[in-house]
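Participant: The following block contains the structure, expressed as structure tokens.
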Amino acid sequence: MSTENKQSLPAITLAAIGVVYGDIGTSPLYTLRECLSGQFGFGVERDAVFGFLSLIFWLLIFVVSIKYLTFVMRADNAGEGGILTLMSLAGRNTSARTTSMLVIMGLIGGSFFYGEVVITPAISVMSAIEGLEIVAPQLDTWIVPLSIIVLTLLFMIQKHGTAMVGKLFAPIMLTWFLILAGLGLRSIIANPEVLHALNPMWAVHFFLEYKTVSFIALGAVVLSITGVEALYADMGHFGKFPIRLAWFTVVLPSLTLNYFGQGALLLKNPEAIKNPFFLLAPDWALIPLLIIAALATVIASQAVISGVFSLTRQAVRLGYLSPMRIIHTSEMESGQIYIPFVNWMLYVAVVIVIVSFEHSSNLAAAYGIAVTGTMVLTSILSTTVARQNWHWNKYFVALILIAFLCVDIPLFTANLDKLLSGGWLPLSLGTVMFIVMTTWKSERFRLLRRMHEHGNSLEAMIASLEKSPPVRVPGTAVYMSRAINVIPFALMHNLKHNKVLHERVILLTLRTEDAPYVHNVRRVQIEQLSPTFWRVVASYGWRETPNVEEVFHRCGLEGLSCRMMETSFFMSHESLILGKRPWYLRLRGKLYLLLQRNALRAPDQFEIPPNRVIELGTQVEI
């Protein structure tokens with residue numbers, strides 16, 4: 001059942017406003033200020049103001065309304081979206097070589113998100129707290145400490161979940177967007193001339209007049225669409241129609257009115273460039289506006305944090321990151337999770353960024369490379385889906401791709417100018433995450449191939465054991481097996497060293513499907529291999545967390561009775577050593593060993609009682 005059917009359309013649309021549009025909805029705090037603050041050599045003059053407003057408006061129309069909401073959101077995997085989902089869809093009907101290239105693109109896009117996610121909470125919260133400079137200039141030195149305090153509280157409450165406070169997100173963000181619209185409309189009424197900037201010719205005129213500098217200035221304009229990936233990534237939570245409805249009825253009109261309201265203010269009072277957003281408000285409204293802005297930026301940060309939790313779980317389940325502890329914070333909503341390691345690593349990174357950059361304007365210089373890089377990759381992957389999966393005409397798809405790249409590539413190229421002034425930060429973080437994900441995936445594959453190269457037949461071994469059985473002991477033994485037709489290492493070593501076997505043996509494989517969820521009817525497949533051997537294959541989607549107790553329950557319904565506290569679980573524990581390698585592969589091998597040592601152990605990963613687990617060690621050279 002789709003999300004839209006579970007709740008009323010107004011309720012789910014309101015919820016989408018509260019979660020999906022937090023990042024892009026707080027962009028008016030700093031976007032126009034960064035465009036006209038003087039770093040590009042523009043004065044606060046009519047042509048520049050009109051040019052930037054026209055660029056911002058048409059970027060919102062083309063990138064958000066047309067590209068993402070109309071085209072990209074057509075590509076879903078059982079209703080789910082996101083860059084890794086797009087990667088999976090794009091690789092379904094392509095050659096092995098093309099699939100490898102698409103996987104690399106998807107991983108780069110996911111890595112870019114990790115780079116961006118460190119900046120979003122910092123720049124959002126700091127931009128709101130900087131409103132203190134207008135209310136009380138003497139509190140300027142408190143901006144960094146207050147930003148850290150706000151974000152510390154936010155990261156501390158993650159372990160308790162956001163179900164309770166999450167109910168407040170939607171009304172707060174709706175209030176925020178109404179305030180954006182109201183402040184902007186008030187200023188536009190005082191200077192309606194600014195509406196001329198709706199004409200796209202002002203954007204064209206801007207490029208013709210300012211030439212090279214106007215191209216570099218695109219690096220600031222792109223701040224208006226940061227968070228656009230959230231529209232696609234959160235599609236599974238809210239559905240396509242509510243997200244589209246929220247955009248066209250509330251978010252887009254509010255953003256447009258506020259940006260144009262800031263422009264109208266600057267045309268009348270160029271000195272307002274120091275903080276045009278807060279100076280839109282009358283003096284009596286500054287403190288309430290500061291409070292609601294702080295709340296809105298916290299909500300925007302929460303959406304990003306939840307997004308990185310979801311992406312991490314997906315990467316873990318698809319085998320691109322090592323297993324780690326994932327805590328469900330809601331019994332009702334499977335999407336509400338908490339990952340302690342990711343939470344505190346992200347917190348430390350955000351605090352370091354705030355202390356290092358000190359002001360949101362400095363952070364704006366680091367923002368944009370990851371966003372626009374992901375946009376380029378999304379264009380390529382989504383058009384691949386259109387051609388390979390939807391079988392659209394190749395010439396039509398080529399035209400769409402060219403149109404998208406004509407916008408994406410200039411935006412990305414313009415942001416490369418920020419490389420030395422802060423753009424290195426998201427690129428560096430993204431590079432680290434890309435290396436980690438590709439290392440874990442490739443080295444894990446190498447390890448499994450090494451472990452399975454003995455080539456013994458499972459069926460032949462079972463037949464031999466039934467014909468000449470070893471000593472049988474009462475009870476049930478479960479051997480965890482990564483591959484279906486391969487003899488588990490733990491079974492081989494148990495027979496080799498202990499020379500005994502339980503009366504009933506279950507070979508259990510937990511498999512991740514290329515889908516977010518697996519229906520309970522398809523959850524468990526049971527096959528009796530011999531009078532005393534059973535094979536159980538349990539399938540899970542990448543948004544689900546495997547649970548052995550649930551598997552046993554499903555087995556009981558299928559006629560294979562299993563009791564957790566009467567079963568022994570045999571698992572292999574590999575002690576890894578590096579073989580001879582070139583120096584660069586040796587470095588990758590050492591990184592894998594580090595990741596392996598810190599990975600969540602299988603008993604904890606599958607929630608198996610520790611006193612029911614027997615681990616058999618083996619040394620493997622990789």
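The backbone N, Cα and C atoms fix where each Cβ goes, and this holds for glycine too.
Among the features that Swiss-Prot reports, transmembrane segment is placed at 9-29, 49-69, 103-123, 137-157, 165-185, 213-233, 247-267, 276-296, 337-357, 363-383, 396-416, 419-439, with the record citing sequence analysis.
Please situate the listed features within the shown structure.
Facilitator: Here the transmembrane segment (9-29) has Cβ contacts under 8 Å with residues 3, 64, 120, 124, 127-128, 166, 169-174, 176-177, 180, 223-228, 230-231, 234, 237-239, 241-243, 245-247, 249-251, 254-255, 258-259, 262, 277, 293, 296-297, 299-304, 306, 360 of the same chain, all six or more residues outside its ends.
Beyond its flanks by at least six residues, the transmembrane segment (49-69) meets 24, 31-32, 35-36, 194, 196-203, 205-207, 209-210, 214, 217-218, 221-222, 224-225, 228, 231-232, 243-244, 247-248, 252, 255-256, 259-260, 263, 266-267, 375, 379, 404, 407 of its own chain at Cβ-Cβ distances under 8 Å.
Beyond the ends of the transmembrane segment (103-123), by six or more residues, the same chain brings 23, 30, 83-84, 86-88, 90-91, 147, 151, 154, 226-227, 229, 297, 300-301, 304-305, 307-308, 311, 315, 320, 346, 349-350, 353-354, 357, 360, 363-364, 366-367, 369-371, 373-374, 377-378, 380-381, 425-431, 433-434, 437-438 to within a C-beta distance below 8 angstroms of the stretch.
Long-range contacts of the transmembrane segment (213-233) within the same chain: residues 20-25, 27, 30-31, 34-35, 39-42, 51-52, 55-56, 59-60, 63-64, 68-69, 72-73, 81-83, 86, 113, 116, 120, 206-207, 243, 247, 255, 259, 300, 303-304, 307, 310-311, 364, 367-368, 371-372, 374-375, 378, 410-411, 413-415, 417-418, each at least 6 residues beyond the stretch ends and with a Cβ under 8 Å from a Cβ of the stretch.
Sequence-distant neighbours of the transmembrane segment (276-296) (same chain, 6+ residues past either end, Cβ-Cβ under 8 Å): 22, 25-26, 28-30, 32-33, 125, 127-129, 131-132, 134-135, 150, 172-173, 175-176, 179, 183-184, 186-187, 258, 261-262, 265-266, 269.
Long-range contacts of the transmembrane segment (337-357) within the same chain, counting only residues at least 6 positions beyond its ends with a Cβ under 8 Å from a Cβ of the stretch, are 117-119, 121-122, 126, 144, 147-148, 151-152, 155, 158-159, 161, 305, 308-310, 312-313, 324-329, 363, 366, 422, 425, 429.
Sequence-distant contacts of the transmembrane segment (396-416) (same chain, six or more residues past either end, CB-CB distance under 8 Å): 59, 62-63, 67, 71, 215-219, 221-222, 368-369, 372-373, 375-376, 379-380, 383, 386-387, 423.
Below 8 angstroms of C-beta separation, residues 107-108, 110-112, 114-116, 118-119, 315, 320-321, 349, 353, 357, 362-363, 365-370, 373, 588, 591-592, 595 of the same chain, each at least six residues beyond the ends of the transmembrane segment (419-439), sit close to that stretch.
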Participant: Short question: which residues 6 or more past the ends of the transmembrane segment (165-185) have a Cβ under 8 Å from it?
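Facilitator: Counting only partners 6 or more residues beyond its ends, the transmembrane segment (165-185) has Cβ contacts under 8 Å with 14-15, 17-19, 21-22, 25, 28, 157, 250-251, 253-262, 280-281, 289, 292-293, 295-296, 299, 302.
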Participant: Report, as numbers and ranges, which residues of the same chain sit near the transmembrane segment (363-383): CB under 8 Å and 6 or more residues beyond its ends.
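Facilitator: Long-range Cβ neighbours of the transmembrane segment (363-383): 30, 34, 63, 67, 71-72, 75, 83, 86-87, 89-90, 102, 105-106, 108-109, 112-113, 115-116, 119, 122-123, 126, 219-220, 222-223, 225-226, 228-229, 232, 353, 357, 397, 400-401, 404-405, 408-409, 411-412, 415-416, 418-419, 421-427, 430.
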